[in-house]
Each structure stands twice: as structure tokens, then as C-alpha cells.
Amino acid sequence: MFANMVSKLTSLQQELLSALLDSGVTKDVLLQALEDLDPSPSAFGVKLDSLQMSPSGSKLSDTDSKPVFHTLTNGHSKGKLSGDEGSEDGDDYDTPPILKELQSQNTEEAAEQRAEIERMLAEDPWRAARMIKGYMQQHNIPQREVVDVTGLNQSHLSQHLNKGTPMKTQKRAALYTWYVRKQREILRQFNQATQGSGATMLDKGNQDQVLLFFSEFSQSGQGMVQPGDDAAIEPACKKLRRNRFKWGPASQQILYQAYERQKNPSKEEREALVEECNRAECLQRGVSPSKAHGLGSNLVTEVRVYNWFANRRKEEAFRQKLAMDAYSGPAHSLNSLLSHSSPHHPQTSSSPPSKMQGVRYSQQGPGEVTSSTTINHHSSNAMSTSQSVLQQVSPGALDPSHSLLSPDAKMISVSGGGLPPVSTLTNIHASHHVHQQTPNLIMPLSGVMAIAQSLNTSQAQTVPVINSVAGSLAALQPVQFSQQLNSQHQQLMQQSSGHMSQQSFMASVSHSHMYPHKQEPPQYSHSSRFPPAMVVTDANSLSTLSSMSSSKQCPLQAW
């Protein structure tokens, strides 16, 4: 007898029996322990046989299935059955009310349900889990509903359905009980929708099932009422929540296709979509479209279609806003980064010239242009610091006869490479600025000397001078210009060409205001006479300028 029983056990159960025998327990003692555990050995054998039967092997009768439910409902589930191996849910699990209710019923329908549950318990747990999961997806049933009815842990239920995580037999029995009753309840809904007018679903024949699975209690302390069954036991569990409507994959496909055609359909179009969606939902469940009212809470209505389209339009508008923010964000952040990282920050024209740190110059007028600064870094062995070349635009109002950029006014070349020509340093674009700025010009020292020689002493001019020491701004002292500018011009240029080949080129922007013994800001008598000029020089040449004596005092201020 024992040998025949071993042949019907699973591999794990055989290992457990072998371990018991290896521990010193004899067969007689083990058989006596089994008889003491269950006074009906034949009933115990039936349970083991039922666990190994194939789904089509045989159908258990009501009398054969009662001992199993008797064991499950009376807490004798400590001895593991098939599917209990390695259960990760170690919490104690009281007998769920759904099992107690099914055990207490003596109707023919309850007997059929118990037989179906026994058959599922005998199957492979993973196969049964996949079957239940597919049924839930087909009918858009959330896991929360199963948790509310069976009392299972939702995490454990999800792992069992998705990954086949082992689950105790008592818990699987509760899950299978819900599955069997849910199948019958949905089938009853569709059948009654065909027989009746389909307008109402809460008739007295199926009110108990609807209250069980689609309960909408208004009172928190009220239990589930089943008027048609006097022997039913009221489950003392928490209040069941109403099922939330969930769009099925078939309906979503139809709605998305309609959204591509029309984002805001009319009422007639929405009603046509309702019929199409309900038809697809019925076909998904394997029932006739004429039974659409049997969908229950999953029935598609015109209001739900309207809300779906409204939500899609909101989502699309939100995505467009995010895309616009992402597009304009980098440009804004780049401008902010350049304005903070650059040593020169643009300011309005209301600031005094000595404190202006702007690198963009503009002026009003139809024929005037502006330029934005381009900073070019030239590294060389003979240059210890980077060179910052500030570009300014020659104004259109400047008289062409001055010939400031003549061949004799070339940029001073240094060892390791010369500066790029003025044409490559100048970026001319249209002026759209509101404030007015004095036009500026890049020119070498020779050009400044040539113009300064021909200036009238009664006219006040502005000459910005570039000078820098080790890449940092320095405040410059006032420079005295000699009246014999023409005589010292050639000497200055000869000295500057020699020093530039030995010393590093140092450049910054400074303003040199020339005015006849007055502290007021200079005023131009005519803007076309001489606009501000840019002087490019080195330290020794600047010292030569400072040594000149003249009645024109030119204080240099760091820009």
C-alpha cells in the first residue's frame, strides 16, 4: 500500500518521505501517524489521487470533494499539497469567507463549483494561473477585485499570476473559487441581457452575484446581502469598492484610429463609436454583439467616449507645450550662460561710457548697422595669455575720405601668427535696438595718430584705447598728448613693432575722453567728423603715449 502511494506522490513529497525514513522513522510509525492525522485513510488517498489526475481524467462527485473542502475550511492545510512548495507568503491565512460560503451551500450549482475547483487544484498551478490571467485580461477585470473578494495579498497574487510564484493550496482554492463563480456570473449577465430588454442588470435572480462582484455599498458598516440564499454566510470582510471602468484594447484601437481622423467628433460620431466599441468588446469576450448590455460596468457609453477624446486633446496640448519649452529652453539657457560667463555684459545706453561693459553696439537710423562681439582665442608660444579681439563696426556716417583702413594702417603682426584682418572680425547685421549708441571702429594706432594730427583742438572726441595686463582689466592713468603728433607718430610705430615681437599682446577696452579742460561728458559737433576709434597697442607703446605732453588731457578709464 505504501509503495503504491509513493508512486503517486510528487518528487518533493517523495524526498520528504525519504528524509523521514532516513531520520529513523519506520514505515509502521509513519503509517500510524498518517492514520492519526486523518481518521479516514481512503479519503486521504482520494485527495492524493485527485491532485495527480489530469483535467480530463475523471470528475469528482460531491461526496469525494467534501473532504477536501472540509480540510481547507477547518484549517487542516498545514500538510502541503501540490503547489505549496516554496511559498513565499509566510503569513497565516485564515479561511476566506468565499470558501466558507461555498462549503455551506448544498445546492447543485455549489456542488458543480466544488467539482470544478477540485479539478483545477489537480492541475499544474502555473497552467491554472495563466488561464485565470488570460480570462481577467479578456474581460478587463482588475486584480483589486480578486483581492477584495478572496482576501489575498495583491503582491503575492500578481507574482503568482505573472511569474508562477508558488501559492498555498488554501489560497489557490480561494482564487479558483472566485474564478469559477466569476465565469458563471458573467455568463449569466450576457444570457439575461439576451432574454430581457437589456436595460436593467440588477434583477432578483442575479442580485447576489452582482452585489458580490460589483457591489456599490453606500453604508460602510453594511455587509453583503444575498436575499435568495438563506444558508449563505455573510463574509465579515471590508467593504467592496466599485469597479472602475477600464478601456479594453479593442476599444482603444478603434478610438485612436478615430482620433487621427477627427480630434473632436460630433455627438452622432461619438454614438457610432459607442456601437463599434461595444461590438468589439463583445467579440473580445467571445459573445454575440447583441449581448452588449451584458458587459456590465465595462459597457461603453457616449459620455465615456466624450471624456476619452477630451483627455487625449489635453494630453496632446501638454506634450506640445513640453516640446516648445524644450525647444526654447536651450537657447535661453545659452544666452544666460554667455551673459554670465563673458567678462563684458551689455547694458543700456543710460550707463556712463566708463562703466559700459557691453560688447554689442547699435545706433538708430535706417542706414546704420550693429555688430555683436566675436571673441577669438589665438594661442602661441610667444604669447602667454589669450588674445581677446573686440570687434566694432565702422559706421556708415563716417566720411570715406578719411581712409582709416589704408595700407599703412595694417594690424601689427606678432610672432606665432598675425591678427586676422578687420573684415573677418566684423559681423554686421541690422539694428533692431531701441537705445542709441555712439558708432565705433576698429583701427590701428597709426590710423589714430593720422587722424589726431588733423583734428581741430576745439572739437572734443572720444578715443577708446585697448590695454590689458595678464588678461585682467587695469585702470589707466590720464595720458597727455603732444601737439607734435606727426613727428612722434613714426617713432612710436617703430618702437611698437619691435616690442610686439617680444612681448605678449595684451588687449582690453578703455575709453579715452579728449576734452579742453572740462569735466563734462564730450559732445560731438557733428557725428560724421570723427566717431570713436579703437587703438590697438602694447604696453611700451602706451607708455610712449603717456609720456607725451599736450594741452589735450585724455583720461583713460577701464571699460
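Heads up, the Cβ atoms here are built off N, Cα and C, so glycines get one too.
Taken from Swiss-Prot, the feature region 'Dimerization' covers 1-35. For 5-36, the entry in Swiss-Prot reads domain 'HNF-p1', with the evidence type sequence analysis. Per Swiss-Prot, compositional bias 'Acidic residues' is recorded for 85-94. Swiss-Prot lists 100-195 with the feature domain 'POU-specific atypical'. Marked as DNA-binding region by Swiss-Prot on the basis of sequence analysis: 240-320.
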Checklist entry - In this predicted model, what is the average pLDDT of the domain 'HNF-p1' (5-36)? => result 76
Item to check | Helix, strand and coil totals (DSSP H, G, I; E, B; other) for the domain 'POU-specific atypical' (100-195) | outcome: 79 helix, 0 strand, 17 coil
Next on the checklist: DSSP-wise, what's the residue breakdown of the domain 'HNF-p1' (5-36) into helix, strand and coil?
Outcome noted: 25 helix, 0 strand, 7 coil
